[in-house]
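Beneath this line is the structure, given in structure tokens, with notes to follow.
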Amino acid sequence: MRRTVRAATALAFGLVILVPLFPLYWMVISALKGPEELQKAPPTWFPSHVTLSAFGEVFKAVPFGSAFLNSVLIAGVSTLSVLVTSVMAGFVFAKYRFRGRDLLFWSVVATMFLPPIVTLVPLYWLVSTMGLADSYLGVMLPWLANAFGIFLMRQFIADVPEELIEAARLDGASEARIVWQIVTPLLRPALVSLAIFAFVFYWNNFLWPLSILQSDDKFPVVLALSRLLSYSTSVQYQNVVMAGALIASVPTIVVFLLAQRVFVQSISRTGVKG
């Protein structure tokens, strides 16, 4: 009986794992197939002849290289800014006492529950009024601070002992030194988790760049991929679309793989605390 339960449990877990992995698998094998094999019915589960021609076609069809670099710039700068602003704001909300602190903090948290489409028009009007439409800064400006990041850092910084901070102040340390040299090193798991979430969000952000950018040379990779999809509507070009999607997915996968140990540590620590 126990063996049957264990086998059923293992099968259930296996299916749960396979469901999210299957689209990735299908994307990879489709990118490695030729146009003729893509049109076979029923579809083949493994490419009979592996070819990398689709990857070259991606860069010929759309300016995918420049779009990739644009995404690296936008996601990288935005993520770094979120880490900095979240630590500073989180420290203020966790360790400073001032009138209206809780009201201000929960007002910031409340913005997390606003659908992005609600703020799209006001943000577009604001950025356009500032003359930043169709610019890298215009794409990044609304995302240089993040309510979730502020909330997360505040929760972690609240657990830093007051005695440690007071001792640093008695030793003559400035507030900036306390934040960056004493508190921040203690936040490494939380910072890594926030960096992963922020980078993935900014890398995959589609609606805002689509709204604010007009120049093809400033498009991030998700817009270039959308343009590629509109060009390649025929079945025989699906390998090109899949190759573009695979290239666009690589950075987020690499970021998570590099930081997974610290990420899991952060999740475990949060679970124990909660």
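Positions of Cβ are set from backbone N, Cα and C atoms, glycine also.
These features come from TrEMBL:
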- 7-28: transmembrane segment (TRANSMEM)
- 68-259: domain 'ABC transmembrane type-1' (DOMAIN)
- 72-94: transmembrane segment (TRANSMEM)
- 103-127: transmembrane segment (TRANSMEM)
- 139-157: transmembrane segment (TRANSMEM)
- 178-203: transmembrane segment (TRANSMEM)
- 240-259: transmembrane segment (TRANSMEM)
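Same-chain residues lying 6 or more positions outside the transmembrane segment (178-203) and placing a CB less than 8 Å from one of its CB atoms are 71, 74-76, 78-79, 82-83, 86-88, 91, 143, 146, 148-149, 152-153, 156-157, 160, 164-165, 168-169, 220-222, 251-252, 255-256, 259, 262-263, 265-267, 269. Ranked by the number of CB pairs under 8 Å to the transmembrane segment (103-127), the listed stretches 72-94, 139-157, 240-259 are led by 139-157.
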